[in-house]
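Take a look at the structure set out below.
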């Protein structure tokens, strides 16, 4: 029942117990109270008996006291949605945090929604071109699909997601939503200013902006970090249903959603499961991921960065995420140590749509040939390490030389990394990517030095770089 009144009976960090006189609020209902003159939202997590509910706070609880009055809103957390959110930054409960006044939305939605029915879902497979060679060739993304960027600490997940925002969101005519889940506030701030510079956000005319931002960063309590992905998803769902177009939904980082869920679970006293994660890990992930889908009215293409703890892909958090994805881009520390960026592992990354029926026979064959050469090189590395290159057959020496060129040719300068590399970013059309790698595999460029293939765009740049290298050597 809405407007039922209760009183705070216990505060333990982010967990607040509230006692009601008669009607208990339902699980997931939002409760409002006041703390230090500001509104504090609590979400009901458990019914304890004796008319008491256990709740998780969506903001800091310092200063909250026993006996404080709490009001039941009668429903889940609701946030403003629609065009009024474009160009704005909101927190988990839909409050603006960009100091630009209130969000004047005509519509609001609850952040907990059921996934679309099977009959409403649509299945289509069309490639989403990113302009990044290694992705477009070996693990292409599908429109309306779910894409995961997996990697340990510091291998370039955020740089890659920023480049994808740069390449796709800027040329994408529809709307984008970015959810910053438990990541660095500095990165969130940088992204906002980058979007203003690139005209994706227009501060002078916010209604013409193409992106809405939702942040629940590292410094937030676990309740906020566990729900902010759902807040972003609710915005994306509304854009999909309203505009009927392809909406881009970026999440950085989905692991923090799981991590916050595990913190909340421990605070609620649940017995942990494997590696200390919450017993409801698969359910929490499934409920969220099933909402990110394409319906007959429109589609959501989601790109999610997934932190891999201690570089262990079998950790329950990344392993549970794998099951929901259409394409996985795995970033490897071994490749980043070679100085090859983006540090995408060409053999570990995969895509459901790398299929001749979808991408075409030529693309499929070139991708498989490239992977075949790289796989052969990988299997020869032990022999090279022990006996040296001289012990290899002539055919194997040629394979190794081509593999090293391919490995370097899969690198590419990024626009967003210009400050590190000093060179302008390059986007490569998919036709050029396929024809270039087809020629390299066929041996047409065996005469060029492998250094010419490093950090360039198309094959024309390789030839030009090789000529410059030859001129410098002369």
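Quick reminder: no glycine exception, Cβ is built from N, Cα and C everywhere.
Pulled from Swiss-Prot, these are the features on record:
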type    : residues                               : note
BINDING : 151, 152, 153, 154, 155, 156, 157, 158 : ATP binding site
Message: Cβ neighbours within 10 Å, counted over all protein chains: which one of the binding-site residues 153, 155 has the most?
response: 155
Message: Using a 10 Å radius around each Cβ and all protein chains in view, which of these binding-site residues has the most neighbours: 151, 156?
response: 151
- prompt: Just how many other Cβ atoms lie inside 10 Å of the Cβ on residue 152 (ATP binding site)?
  reply: 17
- request: May I have the list of same-chain residues other than 151, 152, 153, 154, 155, 156, 157, 158 whose Cβ is within 8 Å of the Cβ centroid of the recorded ATP site, in sequence order?
  value: 307, 331, 336
- prompt: Around residue 157 (ATP binding site), how many other C-beta atoms are within 10 angstroms of its C-beta?
  reply: 27
Message: Within 10 Å of its Cβ, which one of these binding-site residues (154, 158) has the largest number of other Cβ atoms?
response: 158
